[in-house]
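Undergrad: This is the feature table in TrEMBL:
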{"type": "ACT_SITE", "residues": "C:Cys54", "note": "active site, thioimide intermediate"}
{"type": "ACT_SITE", "residues": "C:Asp61", "note": "active site, proton donor"}
{"type": "BINDING", "residues": "C:Val76, C:Glu77, C:Ser78, C:His95, C:Glu96", "note": "substrate binding site"}
{"type": "COMPBIAS", "residues": "C:1-15", "note": "compositional bias 'Low complexity'"}
{"type": "REGION", "residues": "C:1-33", "note": "region 'Disordered'"}
There are 10 protein chains.
Amino acid sequence: MAEATTDTTGLTLLGRPAGLPASPEEARLERVPNPHPGTRYCVRFAAPEFTSLCPLTGQPDFAHLVIDYIPGEWLVESKSLKLYLGSFRNHGAFHEACTVAIARRLVDELSPEWLRIGGYWYPRGGIPIDIFYATGPVPEGVWVPDQGVPGYRGRG
Amino acid sequence: MAEATTDTTGLTLLGRPAGLPASPEEARLERVPNPHPGTRYCVRFAAPEFTSLCPLTGQPDFAHLVIDYIPGEWLVESKSLKLYLGSFRNHGAFHEACTVAIARRLVDELSPEWLRIGGYWYPRGGIPIDIFYATGPVPEGVWVPDQGVPGYRGRG
Amino acid sequence: MAEATTDTTGLTLLGRPAGLPASPEEARLERVPNPHPGTRYCVRFAAPEFTSLCPLTGQPDFAHLVIDYIPGEWLVESKSLKLYLGSFRNHGAFHEACTVAIARRLVDELSPEWLRIGGYWYPRGGIPIDIFYATGPVPEGVWVPDQGVPGYRGRG
Amino acid sequence: MAEATTDTTGLTLLGRPAGLPASPEEARLERVPNPHPGTRYCVRFAAPEFTSLCPLTGQPDFAHLVIDYIPGEWLVESKSLKLYLGSFRNHGAFHEACTVAIARRLVDELSPEWLRIGGYWYPRGGIPIDIFYATGPVPEGVWVPDQGVPGYRGRG
Amino acid sequence: MAEATTDTTGLTLLGRPAGLPASPEEARLERVPNPHPGTRYCVRFAAPEFTSLCPLTGQPDFAHLVIDYIPGEWLVESKSLKLYLGSFRNHGAFHEACTVAIARRLVDELSPEWLRIGGYWYPRGGIPIDIFYATGPVPEGVWVPDQGVPGYRGRG
Amino acid sequence: MAEATTDTTGLTLLGRPAGLPASPEEARLERVPNPHPGTRYCVRFAAPEFTSLCPLTGQPDFAHLVIDYIPGEWLVESKSLKLYLGSFRNHGAFHEACTVAIARRLVDELSPEWLRIGGYWYPRGGIPIDIFYATGPVPEGVWVPDQGVPGYRGRG
Amino acid sequence: MAEATTDTTGLTLLGRPAGLPASPEEARLERVPNPHPGTRYCVRFAAPEFTSLCPLTGQPDFAHLVIDYIPGEWLVESKSLKLYLGSFRNHGAFHEACTVAIARRLVDELSPEWLRIGGYWYPRGGIPIDIFYATGPVPEGVWVPDQGVPGYRGRG
Amino acid sequence: MAEATTDTTGLTLLGRPAGLPASPEEARLERVPNPHPGTRYCVRFAAPEFTSLCPLTGQPDFAHLVIDYIPGEWLVESKSLKLYLGSFRNHGAFHEACTVAIARRLVDELSPEWLRIGGYWYPRGGIPIDIFYATGPVPEGVWVPDQGVPGYRGRG
Amino acid sequence: MAEATTDTTGLTLLGRPAGLPASPEEARLERVPNPHPGTRYCVRFAAPEFTSLCPLTGQPDFAHLVIDYIPGEWLVESKSLKLYLGSFRNHGAFHEACTVAIARRLVDELSPEWLRIGGYWYPRGGIPIDIFYATGPVPEGVWVPDQGVPGYRGRG
Amino acid sequence: MAEATTDTTGLTLLGRPAGLPASPEEARLERVPNPHPGTRYCVRFAAPEFTSLCPLTGQPDFAHLVIDYIPGEWLVESKSLKLYLGSFRNHGAFHEACTVAIARRLVDELSPEWLRIGGYWYPRGGIPIDIFYATGPVPEGVWVPDQGVPGYRGRG
Ligand SMILES: [Ca+2]
Ligand SMILES: [Ca+2]
Ligand SMILES: [Ca+2]
Ligand SMILES: [Ca+2]
Ligand SMILES: [Ca+2]
Ligand SMILES: [Ca+2]
Ligand SMILES: [Ca+2]
Ligand SMILES: [Ca+2]
Ligand SMILES: [Ca+2]
Ligand SMILES: [Ca+2]
Ligand SMILES: [Ca+2]
Ligand SMILES: [Ca+2]
Ligand SMILES: [Ca+2]
Ligand SMILES: [Ca+2]
Ligand SMILES: [Ca+2]
Ligand SMILES: [Ca+2]
């Protein structure tokens, strides 16, 4: 059986130096055709290096993000995803708004069959907030394991 | 796609010094409009810094609380939640009563689509009590991971 | 919203010195009215300090017990539960028989909506036995997390 | 409520010295009447001390076995189970064949309502094999937790 | 009950020295008849020693693979599986394409009742990619535990 | 060899109801004669249920405390220790000051051969503070294991 | 090199049924000659199945004990050690007194070159007590790893 | 014994809104007098929310930092420390240079008796770098536990 | 710098089929010249697949062994080590005697600069035995990390 | 205090595409001047993506490597280190020889004050080998934490 190949024509970021976009709006998400278009599978990205700003105080916020999606016609190119996530560095947004907005941007760009995001934010006031968003139930017959990020436990 | 913004007018506690309310009754839970009102997602708070009093002996009790909810029109403002939980510091209540009462107060204030609370109390007499309360089954198609708080194991 | 209060009249053990009952038969399980009778929630007790005797050899056996129940009209008073479990100290019973019998006694006394017990016994002959008993399927819409007691792994 | 007692008449191995059977065929599995015959519960044995031989090379193989069953009329007597498992010490069998054969022997002897076995074999060629066999779906309303044996992770 | 025996005639790799195939295409997957053909069970391979090359840069990639399948008439011979996986050492492929292709090759060779693969790739650009592919829903009544590979957590 | 007995005459708190002292100054630490006065050994208390107030803002602080000491002539009676620690509930003190002060009070009351305290405070501003104080080096030949409290890791 | 053999003449408990001694005083510790008398090595026993009684209230206490010793002329026979530890089941003693007394009894019987005990007691009043006793510093050149028993962490 | 109080006069950041300093040079580290100046103890800060920029590419770097110090006359005020660490957000520096520079700045400001820093950086090119710097050996008789940050393990 | 090569002439077991030796006495330990004879380093073998027989009852015993040594002129060839350890499969020996004997045989054959063995035996009677033997203190300037095998914890 | 800057002139690999060197001999290790030359600190690299070949059979070997060094005048440039480690991909060497050779090459290139390597190899024949090499004792007053790589545990 011949292995599928991935069409990378049209990519502008992969394998080249690229500065951090100044804002999410300026970030360009790039995509490649799904090499297994007739096959339903799930792709997971874990992004523990996420930071944004509090829209009220300007203080930094940090989160560990995990994104799962079932591609339709397109895969997201991972370097452009990294730059898109990095573009929140100087962007102010509340936890709930920011996490769901990332998911919706990816849905816009990729038209995946299904997508979800877990945003595991660092504690403020002794209480962390986690946000769990999915576009709907996991499609029948597709395998999507738990994200398994440990809960916050305080000390001891 | 424009990111949702959060309407914070009407908040009286966020970003200002605020003393601990003297009792749960005196605590004010504040709310902001859900920035993604047409989208079903789950919000989790982990609160490992909870303490109340035994209504019989007046001795302190401690718990690790985890609250999950699917917002309807409103999000709870997290600083007011922190102060509400802090207001149990001088309040006497049994574990079962206290844990469920917190959930019902939040339901009253937020009218969420769904809510649950896990109360993981510290052991008394060598036996800890955990309380698990949900307003009903998780709504179809919404993603709510396990709370994953480790069980009590004694020693060894 | 007024918080529910718990009616503790009629309790004879809580807050008073009480010796260990000589046998399970002599142990008295006490109960209080469920403070949230119209609300379905789950109560978990973890009891890692359980010991009984082998009915054949008289040698001590040890177990870690975890009990989950959905109260109906009654809650078990936890000090009486502790004394009931302590009353197996000089009682001989096989693992399977003992674990299920504790569950049935609680069902008899509390008429809960549902109850289960996990008995995690220490190894004999290099092989531990676990017993898992539930009165039936978890009632629809009630949240009962996994007990999550780690399996026995031997050494290494 | 009177506690069930276990009828141990007819047992020949429990509480007496007994040598290791020379082969699985020679091993005698003994059973006692189920002390709670009208009650559906699950019994788990964890056996991390299992070893057999490779049928091709005669080299030792090792496995960690976990057996779950829902008894019908009979319980397996655990010392006879230990000796049966020990009887594979000089027996040659492939991982898949051996694991499933143990399950089928137990089914033959006990006629349980349901049974499953997880065979977690030590790596050969850098790759361990796990075998998961169940006689069918878990019967409705019976509680059977995950076996929770950690996956093999190599090093690091 | 007589134990099933495994027919190993026709195998060319097991128990003999065998060099690493130069590419996946040149690798020969061998199979033996399923010793329990009328019984549905699951076989898991954990392969933490997988490496391939990036098709764009030629730099090495590493992954931890876990494969689950429910055999039909055939079992894969594990030494040939090891050599097949080793044959990716000098092969260039993207994560998504490579992981799914391994699954499809196995499906081609074994015609299993069901198969899935989890590909847990090491991070690039601070973000690891996991791929989860299954041929369809787990067949009714077959037991397939979670793969349980821990998520990537960065540092701290 | 006759076992040492402990002289409990003069104790006023053990085995009797006792309210929480209003402040550390009002708390009474009680002591009993060391039952093995000629033997050097270490006693460890783990107190994960500690809370005090921020002296500037009045907001609650939480800590997990671990105290090790080598008794001289006296042992601290543990119920009085519990009440003493509970007396910080309405007391304002900075982390560094509070942790060391607890140690010094115990030194004053017990004149131990050696004592240390680890104060593992919950994070504020995303950064927890731990305080480690010992009266000096561990005396030669006495065994004092690491406290082994896990470090704070944020999320992920 | 011929392997050392162990002289088991004079043992009265090993391999025979033996009831639990009624008290520590009545328990008989048996010993065998050290099979490697000219070699300094350390022997560790982990005993997680220990229980005694509170001398004031008669309520059960539980502990996980770990004993390390460097044998001189004698090894303790492990079944007699098990029965000795079991003999505390109906014995009242404080944690500090009980833990050190076990060590001293073993020193009396075995005259080891060195011995230590860690007593990891289950929490009372939310605070567990650990006792660490050693007869002196570890002799030069002998290897004695940490006992590595995890600290108590409360919940969360 | 009177508890030490902390002199907070002269602080300009604590308890007031304060923006992130534009660079480490502009950040102001504030200090308070050590409340226990005659007592040697160690203070630990864990800072998992650290980010800076690569001086060559401008791409974000992330680290988990842990700082231990033995105060002399001064304690660092923790809010000013948080702002100082936050000031690296737009600062370019190599891992080795950055980690050691933070330590030296603190030494300059606080003249501690001793100080160390562990910088646990997120992987680049599949390989994380950790930096461990101390001003010298731990002073005799002061207790400084291991930082215990887990090593990087890749996947699986 | 040219890399050292290893002289493998004279080896009779490596890379060839070899049956399990019938006893430790019949097992042949083979050795190769140390490729870095002027350099002091430590070699660790972890052997979790060890089994022997109880010399009194003939019942199987299991252990997890970890061996560390600092080679002198010779390295042990690892396949011969594996066969030597496998040769205890039908050999009867007490835990203490067996563990130390393995160390001494290796010392005899290899004349290492230093050697130690940790024998972590599976529990019997609820109590596992660990044996720690070293030929002496770790030589100055050589790095030998802890073996880090987790202690036995029973259940829960 | 001005932060040290790093002189990167003369580097040929960093920030540019670079193919994998064909062998360790052909790999070029590059270095930059130590930005804190008068300060003793330790640098750790964790490299879980290491693979080489068995010099006898040509089969792949895998290892997790951890390297610690105290720089003298030079730091190793980390991209060149990555390429050097990658150059073992087609290189045959025994575990002991290979691990120590990597250390010696680094010593040759960097003349560090001190260096050590831990090589944690994947199991062969059920037994993994770890190699621990240091150039000598850790220099007085420098802080080098344990590498803390978990031991191999087999299954269960
Ligand atoms: Ca906290
Ligand atoms: Ca307790
Ligand atoms: Ca325990
Ligand atoms: Ca065992
Ligand atoms: Ca094991
Ligand atoms: Ca492996
Ligand atoms: Ca990372
Ligand atoms: Ca944080
Ligand atoms: Ca993190
Ligand atoms: Ca706690
Ligand atoms: Ca906690
Ligand atoms: Ca990696
Ligand atoms: Ca790995
Ligand atoms: Ca046990
Ligand atoms: Ca336990
Ligand atoms: Ca193995």
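Note: Cβ is positioned from N, Cα and C throughout, glycine not excepted.
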Undergrad: Can you break down the region 'Disordered' (C:1-33) into helix, strand and coil residue counts using DSSP?
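TA: Helix/strand/coil tally for the region 'Disordered' (C:1-33): 0 helix, 3 strand, 30 coil.
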Undergrad: For the binding-site residues C:Val76, C:Glu77, C:Ser78, C:Glu96, which ones lie near chain D, with a CB less than 8 A from one of its CB atoms?
TA: C:Glu96
Undergrad: What recorded positions among C:Cys54, C:Val76, C:Glu77, C:Ser78, C:His95, C:Glu96 are found with a C-alpha within 10 angstroms of that of C:Asp61 (active site, proton donor)?
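TA: Neighbours among recorded positions, in sequence order: C:Cys54, C:His95.
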Undergrad: Looking at the recorded positions C:Cys54, C:Val76, C:Glu77, C:Ser78, C:His95, C:Glu96, which have a C-beta within less than 6 Å of some atom in ligand 5?
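TA: Near the molecule: none at all.
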Undergrad: Between C:Glu96 (substrate binding site) and the residue listed as 'active site, thioimide intermediate', what C-alpha distance do you get in Å?
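TA: Per the Cα atoms, C:Glu96 (substrate binding site) and the residue listed as 'active site, thioimide intermediate' stand 12 Å apart.
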Undergrad: For C:Glu77 (substrate binding site), what residues in its own chain, 6 or more apart in sequence, show a Cβ-Cβ distance under 8 Å?
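TA: Long-range Cβ contacts: C:Leu11, C:Leu13, C:Leu14, C:Leu29, C:Glu30, C:Arg31, C:Val32.
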Undergrad: Using all protein chains in view, find how many other C-beta atoms are within 10 Å of the C-beta of C:Val76 (substrate binding site).
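TA: A count of 21.
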Undergrad: Using the residues the record lists for substrate (C:Val76, C:Glu77, C:Ser78, C:His95, C:Glu96), what whole-number Å value is the largest Cα to Cα distance?
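TA: Value for the max Cα separation, rounded to a whole number: 25 Å.
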Undergrad: Could you check what DSSP calls C:Asp61 (active site, proton donor) once collapsed to helix, strand or coil?
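TA: Reduced to three states, the DSSP call for C:Asp61 (active site, proton donor) is strand.
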Undergrad: Where does C:Ser78 (substrate binding site) sit in DSSP terms: helix, strand, or coil?
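TA: SS state of C:Ser78 (substrate binding site) = helix.
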Undergrad: Which binding-site residues (C:Val76, C:Ser78, C:His95) fall within 10 Å of the residue listed as 'active site, thioimide intermediate' by Cα distance?
TA: C:His95
Undergrad: Measuring CB to CB from C:Ser78 (substrate binding site), give everything in the same chain under 8 Å that is also at least six residues away in sequence.
TA: C:Phe45
